[in-house]
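Peer 1: Take a look at the following structure, please.
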Amino acid sequence: LLVGLVFFDLKKTTDPGVQNRLGVIFVIVVTQIFSTLTALEPLIKERALFIQENASGYYRTITFFCAKFLCDILLIRVIVSIIFSLIVYFMTGLERDIGKFGVFLITIFMASLFGSSMCLLVAATVRLFSVALIIVILIFLIMMLFSGFLIALKSVFSWLSWLQWVSAFRYATNMLTMSEFRNIDFCLANSTNICPLSGPQVLINIGLDYRTNWDLWKNFLGLSIMTVGLFLLAYIQFRRIKKTK
């Protein structure tokens with residue numbers, strides 16, 4: 001609701017319409033990924049319980065992991081993503097298009113799922129909540145810096161530029177930006193007939209390729225690969241935990 005109120009009913013004007021649309025996209029991705037930090041403390045507590053119960057033979061690691069993924073992570077993230085998307089998308093006045101809303105919903109869900117996978121991996125690795133929280137926040141902040149919104153990636157040192165390819169923030173913001181700006185025109189604030197700036201021009205100015213569907217969905221692929229990889233690493237880490245009765 002707060003995001004929807006701050007960016008309520010965005011106008012299709014050159015100023016401040018373009019800036020506000022880019023701003024709301026960045027804020028949406030940041031809030032969705034950082035909101036998954038709320039799951040970190042329960043995961044740390046359940047880690048200790050898992051060690052005891054698994055060592056006692058109550059269930060296998062794969063059983064615990066699947067139950068955690070399907071019930072506590074996947075189901076919750078689906079529900080939260082749908083509610084968040086329905087509220088924010090229409091309050092902010094983003095493009096009323098079923099296809100664009102679908103891309104928005106999928107991106108929100110994947111960003112949230114990525115955050116959950118990162119928290120699960122760190123929770124499986126670190127015992128202390130305070131340490132785990134610092135690690136996750138630090139990782140998220142580094143990824144956010146290389147999203148392309150805070151600094152031009154072309155100006156970054158070459159030995160650091162590779163971090164953009166492991167930035168979930170970059171993939172998610174790219175998807176939302178391309179979807180929103182591909183077919184839209186921005187008019188002057190005092191006239192609805194003179195529209196000197198188009199969405200594709202904005203995408204070109206910020207350095208995003210948008211001409212094919214692959215330009216959009218390759219970001220989804222990158223985000224999916226990172227998420228699946230983190231879940232696999234989390235499962236491996238749970239299997240490696242030394243279990244004591």
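Here the Cβ of each residue, glycine as well, is placed from N, Cα and C on the backbone.
Automatic, uncurated: that is what TrEMBL annotation is.
Checked TrEMBL, it gives:
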type     : residues : note
DOMAIN   : 1-181    : domain 'ABC-2 type transporter transmembrane'
TRANSMEM : 22-44    : transmembrane segment
TRANSMEM : 65-91    : transmembrane segment
TRANSMEM : 103-124  : transmembrane segment
TRANSMEM : 131-153  : transmembrane segment
TRANSMEM : 220-238  : transmembrane segment
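Thinking about packing and proximity, how do these listed features fit into the structure?
Peer 2: Proximity of distant same-chain residues to the transmembrane segment (22-44), defined by a Cβ-Cβ separation under 8 Å and at least 6 residues beyond the stretch ends, is recorded for 3, 6-7, 10, 72-73, 81, 84, 88, 92, 94, 107-108, 111-112, 114-116, 118-120, 122-123, 126-129, 132-133, 136-137, 140, 144, 147, 149, 168-169, 172-173, 176-177, 180, 202, 206.
Listed as Cβ neighbours of the transmembrane segment (65-91) (distance under 8 Å, sequence separation of 6 or more from its ends, same chain) are residues 1, 3-5, 7-9, 28, 32, 39, 46, 101, 104-105, 108-109, 112-113, 116, 120, 231, 234-235, 238.
Same-chain residues lying 6+ beyond the ends of the transmembrane segment (220-238) with a Cβ under 8 Å from its Cβ atoms: 50, 61-62, 64-65, 69, 106-107, 110-111, 113-114, 117-118, 120-121, 123-125, 165-166, 168, 171-172, 175.
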